[in-house]
There are 2 protein chains.
Amino acid sequence: MTTLKVIKIGGNIIDDANALGQFLNGFASLKAPKILVHGGGKLASKLAEQMRVAVNMIGGRRITDQATLDIITMVYAGKINKNIVAKLQAQHCNAMGFTGADGNTIVSEKRAVNTIDYGFAGDVKKVNTALLEVLLKTNTTPVFCAITHDENGQLLNTNADTIASELAIGFASKYKTELYYCFEKNGVLLDVNNEDSVIENIDVKTYQNLIDTDCISEGMLPKLNNCFHAIKHKVNKVCIGKTDMLFNTQIKYTTIQK
Amino acid sequence: MTTLKVIKIGGNIIDDANALGQFLNGFASLKAPKILVHGGGKLASKLAEQMRVAVNMIGGRRITDQATLDIITMVYAGKINKNIVAKLQAQHCNAMGFTGADGNTIVSEKRAVNTIDYGFAGDVKKVNTALLEVLLKTNTTPVFCAITHDENGQLLNTNADTIASELAIGFASKYKTELYYCFEKNGVLLDVNNEDSVIENIDVKTYQNLIDTDCISEGMLPKLNNCFHAIKHKVNKVCIGKTDMLFNTQIKYTTIQK
């Protein structure tokens, strides 16, 4: 079975032109097939400020009203996505930008309003892999931003970590899939202030221990839940760490295990 | 030979939500294969104003500095393109958004600086049809915005009329290609103030006569040059008129002939 790498990068790379350029050069050199998923970083908030649109966050999640949806569509699918695609093309990586609406690749449903109305936020319902598979076979590299649609004409702001895990799961029956969450730390840390305290392997049992002993920071919980969700659904390898883990075999990072 | 329709819509449709919705419903119902090319309309200038970026036009052409390129990338490739794609998906048309950088489909070169520096404006050098052909065969409908790239990582603002004609020309050896320029008038008019004065057929000879007798408005010249360029390069049919020409056989419009 061919190996498919699904790699998610976040704000620490997106917001730093040098780091992004360096990462994209490395990413271009990775053996295809591969899929890149990128978050939005701080650019959307910056544009919102310039346009005097209020930024509303509850529990680290952005409340997506119409003005905010327009802004993230412009920033994620426009500026960030297209510049990444152009930079990869310059490195002879045949990149193609996607939202979930493009080719109907990722369908979401608008998050139901319980106590909080998240607005145009979508939770992934279905990944359609057929068209992407055709593209992967022509050596095309899909580059996904964190926007999906509901099949009824509505774009939806969608968590990039979830998009990455759902893509990896969607391809798990066709490829040996590997999912890499790249972020600003070396991995899941036992001591959040010590980059050398990387927990190299986490399985369901040690994960529960870490939660019970309050060793996992609140921000890491959704990421780790995505990881275990992927591992449970036949993704072959799930890793968390700095982008270096993709290029340097000496580097320590966290691997999630069943 | 299968017929491929390449349809270009401009600001009069893009800037009017009702007109756009109505057009997209009609477009979705047209038999595939088909390609949509859209201009940017007034949204980019509006965003530039909100962001206090000066809009510089010379002879009807936008001077594209870095700030302006960012704005059009956000508006054309982000907001407009993705909303069109999502709306077509809702009509069961499997649309996929493109800049020329996506899949390396359209390569341009930055316009040389003579008397005027147009900034990041690109003139089309090459259309790569192979990947698009694969997509057309899977019943996918490409939706192009007016941005291309130079293969060296630079996005370039590119005339949407030219993108449409170059795509039609690129496919002329593989499909019976038809190119439709939709704009706010019924076609090329003998009297610009009389919508009933549509010139139904223009060939090279009548075109020269119309120019000699000052019957062609300055704004129409580049559009007509694109038309004749396409006809000369084996595009089967080139038409100018309102979007109605696509759906209503009773309507008058202009057809360009050799």
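Just so you know, glycine gets a Cβ as well, placed from its N, Cα and C.
Keep in mind that what you see is a predicted model, and the values were worked out from it rather than measured.
The feature domain 'Aspartate/glutamate/uridylate kinase' is assigned by TrEMBL to A:4-240. The site 'Transition state stabilizer' feature in TrEMBL is assigned to A:Lys8, A:Lys223. Residues or ranges marked as substrate binding site in TrEMBL: A:Gly40, A:Gly41, A:Arg62, A:Asn157.
In sequence order, A:Gly39, A:Ala44, A:Ser45, A:Ile72, A:Val75, A:Tyr76, A:Ala146 are the residues of the same chain, not among A:Gly40, A:Gly41, A:Arg62, A:Asn157, whose CB sits within 8 A of the CB centroid for the substrate site. Cβ neighbours within 10 Å of A:Gly41 (substrate binding site), excluding its own Cβ and spanning all shown chains: 20. All chains included, 27 other C-beta atoms sit within 10 angstroms of the C-beta of A:Asn157 (substrate binding site). For the domain 'Aspartate/glutamate/uridylate kinase' (A:4-240), the model gives a mean pLDDT of 95. Other C-beta atoms found within 10 angstroms of the C-beta of A:Lys223 (site 'Transition state stabilizer') number 19, with every protein chain shown included.
In this view, the densest Cβ surroundings among the recorded positions A:Lys8, A:Arg62 belong to A:Lys8, judged by other Cβ atoms lying within 10 Å. In this structure, the CA atom of A:Arg62 (substrate binding site) is 16 Å away from the CA atom of A:Lys223 (site 'Transition state stabilizer').
When the Cα atoms are compared, A:Gly41 (substrate binding site) and A:Lys223 (site 'Transition state stabilizer') turn out to be 16 Å apart.
Of all residue pairs in A:Gly40, A:Gly41, A:Arg62, A:Asn157, the annotated binders of substrate, the farthest apart have Cα atoms separated by 14 Å. Take the CB of A:Gly40 (substrate binding site) and look out to 10 A: across all protein chains shown you find 25 other CB atoms.
Looking only at the recorded positions A:Lys8, A:Gly40, A:Asn157, the one with its C-alpha closest to A:Lys223 (site 'Transition state stabilizer') is A:Lys8. Between the alpha carbons (Cα) of A:Gly40 (substrate binding site) and A:Lys8 (site 'Transition state stabilizer') lies a span of roughly 11 Å.
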